[in-house]
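Visitor: Okay, here's the structure, questions in a sec.
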């Protein structure tokens, strides 16, 4: 039985990374896909674990050869998900988890309509703003820009399979795991029917 | 707020028509889309209610003009869903329900990625076969063909938003309505966030 491709996405500041870390910590039976990037490896990061680090030429060659399931450019650098490693894991029966930006998530859905897209929803826009301010990565102008981007991303949310509100982390992660299990049960039922002799 | 396009589909014999009739009977707040066909109007049918009846030339013109959300040819005749009437209802805030074959459902999803696709699952293949025999519309060869088609359709089920098993009608309809309400709650939350000033 082929694995399921789960994609966790949502506006910047909704807590994708934290939810994803917690999912892995709890051992919910998904293999995290390692992204590819052209940016430099920073201290504390491990090649092949944090990212696959490649040159711009290599990245562009991957795009041209249709090797990227999704990719985006931020500033000078490219970030993306190589198709081959995901498909390899899926064909071995492993469920794979991607944690990516909404634009990337919709690219994946177009190329891979059987992907299961989870949209993480902030409890409110004021809470989203508060989280962006608290994490302190962006200035005020950049935060306003992110809020506007979030509004646009919310208009795309209906293309996802399910919405899960990230109010308190534990409840959100519980719900994500419950949803993963629902999808696995669906898959198992379908597999049984396909194989049932009549 | 725009309405939601719900698509109810599943293999022949799974009970799409019966579930759909029951949904309408219970008044679950969806407007049933009327399909277009080139076949003749039969006794007991009402034009504009059972189907929109058109000539083959008219139907083909609609296809060429991109007016069909989905269509298929069965034997001599065309069947399909006109885009304009669906979009009109959605833009008026009405939720619309389409009851169509799996091939049509996936056509809709490609053209309308925000459509919510419900896959009706038979409890077992032997039960599916029993239902096809009981309704008595097809001969033995045709039933075997439908079972093989069903197996293929099951391989496409992961492209749907949700799977619901149709074992007993009442429980199945309850679950469909519950799911519709979940999607409406998601939509409402998104709408609130988009409109929230910060």
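For all residues, glycine too, the Cβ spot is worked out from N, Cα and C.
Predicted automatically and left uncurated, TrEMBL annotations should be read as such.
When I checked TrEMBL for this same protein, it listed these features:
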- A:10, A:11, A:12, A:13, A:14, A:15, A:16, A:17: ATP binding site (BINDING)
- A:3-181: domain 'Guanylate kinase-like' (DOMAIN)
Visitor: If the ATP site is taken as the center of the Cβ atoms of A:10, A:11, A:12, A:13, A:14, A:15, A:16, A:17, which further residues of that chain fall within 8 Å of it by their Cβ?
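Guide: Going along the sequence, the neighbours come out as A:120, A:122, A:166.
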Visitor: Which residues in the same chain, at least 6 apart in sequence, have a Cβ under 8 Å from the Cβ of residue A:15 (ATP binding site)?
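Guide: The list for residue A:15 (ATP binding site) reads A:120, A:131, A:166, A:169, A:172, given in order along the sequence.
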Visitor: For residue A:11 (ATP binding site), which of the three DSSP-derived states applies: helix, strand, or coil?
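Guide: Coil, per DSSP.
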Visitor: Mind giving me a neighbour count for residue A:10 (ATP binding site)? Other Cβ atoms within 10 Å of its Cβ, every protein chain shown.
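Guide: A 10 Å sphere around the Cβ of residue A:10 (ATP binding site) contains 29 other Cβ atoms.
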Visitor: For a quick check of understanding: among the binding-site residues A:12, A:14, which residue's Cβ has the most other Cβ atoms within 10 Å?
Guide: A:14
Visitor: Which residue, out of the binding-site residues A:11, A:13, A:17, shows the minimum number of other Cβ atoms inside 10 Å of its Cβ in this structure?
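Guide: Among the binding-site residues A:11, A:13, A:17, the sparsest Cβ neighbourhood within 10 Å belongs to A:17.
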